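Q: Here's a structure for you.
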Amino acid sequence: MVTKCWKYYVKISLVTHLCIILMLAKAEDVSSVTDVLATDSTGTTWERLSNTSSIDVYTTPMSNDSIENRSTTTVPSTRAPVLTAVRKQAQPTDCSQREKSRSQPIASSSSRIQKCCPLGENLDFYRENQSDSMCDNAVLGFEPTVISAVLYDNCIEDLEIPTELPIEIGNPCNSVNFFSSFQYEDTEDLFFVLQDGSLLIIDKNGNESYTVQQNYCLDQDKSGHLLAFICITQVEEVSKAKVVIVAIMMLISMPCLLLVTYLHLTLKLLRNLHGWSLAMMSLCLACGYFVHSMVHIYDIPSGGFIGYVIQFFILSFFFWFFCICCNVLLNIWYKLPRYIQFNKTWTIVNFGAYCAFAIVGPAILVTLTVQKGLQGMPSYFQQGLTESIRESQRYFIPPVSTLLGLSFLVMVMSFFGFQRIKTNGYLRANDDEKDNANPIRPFDQQKYEDVKKDAKCVALLGIIIILAWLFEIVTFYSPGNEVYLLLCDMINGLQGLWIMLIFLVVRRRRTIICRWWHDRGTHTISDGTELQAVTKPLNPT
C-alpha cells in the first residue's frame with residue numbers, strides 16, 4: 001500500500017515538474033521575442049512598421065481589410081516567421097524597384113508657374129458666397145513649392161534640387177469664374193509644382209496615388225491658404241489656317257500704310273502738322289502689323305519682349321489718332337477764330353508735344369503690363385478663349401476703348417466748331433468792314449478750307465477705325481469658331497488698305513497725289529531764276 005502511494009506521488013511530481021519546465025520555456029521564448037521587437041539594431045520596431053504601413057498607403061492605396069488585419073495583430077501571436085511574412089508584404093522604402101512612368105517632367109525655357117491673379121494681387125475669396133471670386137491687392141507673398149522629381153508607378157522620387165521658375169499670369173481654363181473648375185486647397189490636399197511647370201496633386205483618399213495637371217493656376221487667398229484650380233474641359237485652340245489668313249491680310253496692309261507714310265513725309269503740300277501726325281500713325285500701325293504677322297506665321301512665342309513691342313506700336317497708333325482729332329479741334333476752336341498762324345518753330349514744338357503724348361502714354365501702359373506680369377500680346381486677331389488671355393488685355397482693351405470714345409467726342413466738338421464759325425460770320429469778314437479806321441482782320445479762307453478737308457479726312461478715318469475696333473471686340477469676346485468671326489478678322493487685317501483708300505476719296509488729297517504721280521521725276525525750279533522762262537514756254541516752236 002505504501003509502495004503504491006509512493007509511486008503515485010512520484011508520477012504527480014514528475015508531471016508537475018514537466019509542466020513547470022514547459023511553462024518556463026514558453027516564458028523564455030516570449031521574452032526573447034519581445035527583446036527582438038524592442039531592439040533598435042534590427043530596425044523592425046513597431047513604430048517603424050507602422051510608419052512603413054502609412055507610407056505604403058500614401059504611395060500605394062490599400063484595401064481596408066488589409067489595414068484592419070495589420071492593426072489587430074497581437075504580440076503573443078507574433079513569431080519570427082510571422083515577422084518575415086510582414087517584411088515580405090511591406091512595400092520598399094524608395095522607388096528603385098518601381099517602373100518609371102513614360103511621361104517625365106522635363107524643365108525647359110517655356111516652363112512657367114501659372115498664377116491666377118496678376119503680380120501684387122491675391123484671391124479675394126469669400127467662403128460664404130461661393131459664386132464670388134476676384135483678385136485684390138496682395139496681402140501675402142506668392143511662394144509655391146517647386147520640386148524636381150522623377151515619377152514612378154505610384155511612387156515619386158524627389159531629387160531635392162533647388163528649382164526656380166518664372167511666373168505666368170492668368171487662368172488657362174475657359175471659364176468666367178474660378179468655381180467652374182476643380183478646386184484644391186492646401187489644408188485638404190497635397191500638391192506641388194514640378195520642374196516643367198506642371199502641377200503634381202497627391203490625393204490622399206483617391207484610387208491613384210498622384211495625378212499631373214497641365215491646365216491649372218495657383219494663388220493664395222487673404223487667409224494664406226494656397227488654392228489650385230484645374231480646368232474641367234480642354235480649351236479649344238485656334239486653327240493654324242485662320243492664323244495664317246489673318247497674317248496675310250496684315251502683310252497686305254503694310255505696303256498701303258507705308259505708302260501713306262511716304263506721301264505725307266515727302267509731298268510739300270501734305271508735309272504739315274496734320275500730315276506728319278498721319279504719317280506717324282500709319283507707321284506705328286505698319287510696324288505693329290509686321291511684327292504681329294511674323295509671330296503668327298513663324299510660331300514665335302508671343303510672350304515677353306516681343307509681345308510688349310507689338311502692344312506699344314498698336315497703342316501708339318490709337319494715341320496718334322487721338323492727337324489728329326485734337327489737332328482739328330485746336331484749329332477750328334482756337335487758331336482760326338483768333339487768327340493765329342504758327343511759325344515753323346511753334347509747329348515743331350506742337351508736333352513734339354504730340355510725339356511725347358503718343359510715346360509716353362503707350363509706354364506707361366506697357367510698363368504697367370510688365371509690372372503685373374501680364375502678356376503684352378494685344379487682342380488683335382485672337383479670341384479670349386481663356387481667363388489668361390482675357391486678363392492680359394487689362395491695359396489694352398479698356399484704354400483703347402476710352403481713347404476712341406474721347407476721339408468721337410472731339411470730332412463732335414469739331415463739328416460744332418465749324419457751325420460756330422459759320423454762325424459768327426468769320427467767312428464774311430472781308431465784306432463786312434465797318435469803317436476804314438478799324439477794319440476787321442481778314443479771315444484766312446484758305447486755312448479754313450484746308451482744315452475743313454482735313455476734318456473730313458479725319459471723320460472718314462474715324463469711321464474706319466471705330467468700326468474695325470467694334471469688329472475686334474466682337475471677335476475677342478465670341479466663344480465659338482463661326483465663319484463671320486473670320487470675316488471680321490480679315491476686315492481688321494485690311495485696315496491699312498481702308499486707310500489708304502480714304503486719301504483717294506478725299507478730293508484734295510487725291511488731286512495732290514495724282515499730280516505728284518503725273519509729275520514724278522521732274523525738277524521744280526523756284527521763281528526768279530534764269531531758267532524760269534525756259535522751263536515752260538508759252539508758244540514753243
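Just so you know, glycine gets a Cβ as well, placed from its N, Cα and C.
These came from TrEMBL, pasted as-is:
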SIGNAL    1-27  signal peptide
TRANSMEM  243-265  transmembrane segment
TRANSMEM  277-298  transmembrane segment
TRANSMEM  310-334  transmembrane segment
TRANSMEM  346-370  transmembrane segment
TRANSMEM  395-418  transmembrane segment
TRANSMEM  457-477  transmembrane segment
TRANSMEM  483-506  transmembrane segment
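Have a look at these and tell me how they're positioned relative to everything else.
A: Cβ atoms under 8 Å from those of the transmembrane segment (243-265) belong to residues 271, 275-276, 278-280, 282-283, 285-286, 289-290, 292-293, 296-297, 381, 486, 489-490, 492-497, 499-500, 503, 513, 516 of the same chain, restricted to positions at least 6 beyond its ends.
Counting only same-chain residues 6+ beyond the ends of the transmembrane segment (310-334), those with a CB under 8 A from a CB of the stretch are 273-274, 277-278, 280-281, 284-285, 287-288, 291-292, 295, 302, 340, 354, 357-359, 361-363, 365-366, 369, 376-378, 380, 395-396, 399-400, 403-404, 406-407, 410-411, 413-414, 417-418, 420-421, 447, 451, 454-455, 458, 461-462, 465.
Counting same-chain residues at least six beyond the ends of the transmembrane segment (346-370), those with a Cβ under 8 angstroms from any Cβ of the stretch are 272-273, 276-277, 280, 284, 308, 311-312, 315-316, 319-320, 323, 327, 376, 392, 394-396, 399.
Within the chain carrying the transmembrane segment (395-418), a Cβ under 8 angstroms from the stretch's Cβ atoms is held by residues 311, 314-315, 318-319, 321-322, 325-326, 328-329, 332-333, 365-366, 368-369, 372, 374, 378-379, 452, 455, 458-459, 462, 465-466, 469, 473, 476, all 6 or more beyond its ends.
Beyond the transmembrane segment (457-477), the same-chain residues lying 6 or more positions past its ends with a Cβ under 8 Å from any Cβ of the stretch are 318, 321, 324-325, 328, 379-384, 393, 397, 400-401, 404, 407-408, 411, 485, 488-489, 491-492, 495, 498-499, 502-503, 505-506, 509.
Taking Cβ pairs closer than 8 Å, the transmembrane segment (483-506) reaches residues 242, 245-250, 252-257, 259-260, 263, 282, 285-286, 289, 380-381, 383, 453, 456-457, 460-461, 464-465, 468, 471-472, 474-475, 513 in its own chain, all 6 or more past its ends.
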